[in-house]
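Below is one structure, written out as structure tokens, with a few remarks after it.
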Amino acid sequence: MGKMIYLDNAATTKTAPEVVQAMLPYFSEYYGNPSSIYDFAGKSKEAITKGREQIAEVLGAKKEEIYFTAGGSESDNWALKATFEAYKAKGNHIITTKIEHHAILHTCEYLEKRGAKITYVDVDENGIVKLDELEKAITPETILISVMFANNEIGSIQPIKEIGRIAKEHGVLFHTDAVQAFCQVPINVDECNIDMLSSSGHKINGPKGIGFLYIRKGVKIRSFVHGGAQERKRRAGTENVPGIVGYGVAAARANASMKERTDKEIAIRDHLIHRIETEIPYVKVNGDRIKRLPNNVNVSFQFVEGESLLLMLDNYGICASSGSACTSGSLDPSHVLLAIGLPHEIAHGSLRMTLSEETTMEDVDFVVDRLKEIVAHLRSMSPLYEDFMKKQNK
Ligand SMILES: *Cc1c(COP(=O)(O)O)cnc(C)c1O
């Protein structure tokens, strides 16, 4: 096999070498417990403070508003469950969307069993949340609006500023899952009226198993993990010092390169989309053309199974992802593709390719050349395609 072409950066990213380098001393050299009082432990404590500052800076937040967690899923769970508990006296209603990550949707299902009322707002055919529906859903019992900043499957970027304005006008807390958007699009928590924000290290070339929840000063949500006094008593447990160090470096690095990197990714993304659309028949590009993550391409190929496509791409060392949740043992197409109105049979033939700073034009040209062959081959074996062509040729 030749070189690998990794186009699954929405699933996880390579930990950047300088991130690994920055982390290493905090395993074997400065391994002190940040809560201890001797000077040696102070090194660990300083490192955490630095990481917190590096991250706060990206968001225009205060460092005291950053709470480290074990990743995006934990941050999402915390934001929803603890808000539900803390604001019971006000109400039990949470507004979210149909295209959230499962870390939000499955948490909502959990809360529904415990008395929460959840409204799942629709999105349009480009995967952008319907603001009028969202605003109409607000009732006096509404305690939280949770809308993802950008979607992990189709890359659509939500009107976060408008949602923040609506939430503020109605006195409702606003949480956003920004796992895909953090360091990919500029975010300022004050400009967008964001009260809580989730992010994850391994999506920005940082380490796995570390994330944070931004909680605006004054928001009264409950502690998530009970125990020691870490993270201002809100999330107990000895801090993941190397993880925090790596996360901080990854955030500073990705923030510094954001403009240049995303400009380059957008050019490659649009080239990839253009070639697929012009060179392969019966395809549909999913997600918004403009309000889209710089590194996201999501295409449905009619008369093709996404899983077969993935396996054949893998034979060429190309790593991508499909639109159905086969990995979870279910054959249902993704809830996101269904929410934008794709029929099941088209959603099944979907492919997600997410680029990194290392992806080149040559890489994506190679991918399109292989895709053309593979799609033609799979269609040649499809009875549906055969029927369709017979009808076309009548
Ligand atoms: C990856 C992802 C998560 C989960 O993050 P983990 O750190 O893997 O738990 C949550 N939301 C979105 C949008 C994601 O892409």
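Just so it is clear, glycine is given a Cβ too, placed from its N, Cα and C backbone atoms.
Where the annotation comes from TrEMBL, it is an automatic prediction and has not been curated.
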From GLN21, GLN180, GLN302, the one annotated by TrEMBL with GLY72, SER73, ASN152, SER200, GLY201, HIS202, THR238 for pyridoxal 5'-phosphate: GLN180
Which of SER73, ASN152, GLN180, SER200, THR238, the listed binding-site residues, has fewest other Cβ atoms within 10 Å: THR238
Annotated binding-site residues SER73, ASN152, GLN180, SER200, THR238, filtered by Cβ under 6 Å to ligand 1: SER73, ASN152, GLN180, SER200
Largest separation between Cα atoms (Å) of residues that the record links to pyridoxal 5'-phosphate, namely GLY72, SER73, ASN152, GLN180, SER200, GLY201, HIS202, THR238: 30
Taken over the domain 'Aminotransferase class V' (5-365), the model's mean pLDDT: 96
Cβ contacts of LYS203 (N6-(pyridoxal phosphate)lysine) (under 8 Å, same chain, 6 or more positions away): ASN9, ALA10, THR12, THR13, GLY72, VAL179, GLN180, PHE182
HIS202 (pyridoxal 5'-phosphate binding site) CB neighbourhood, other CB atoms within 10 A: 23
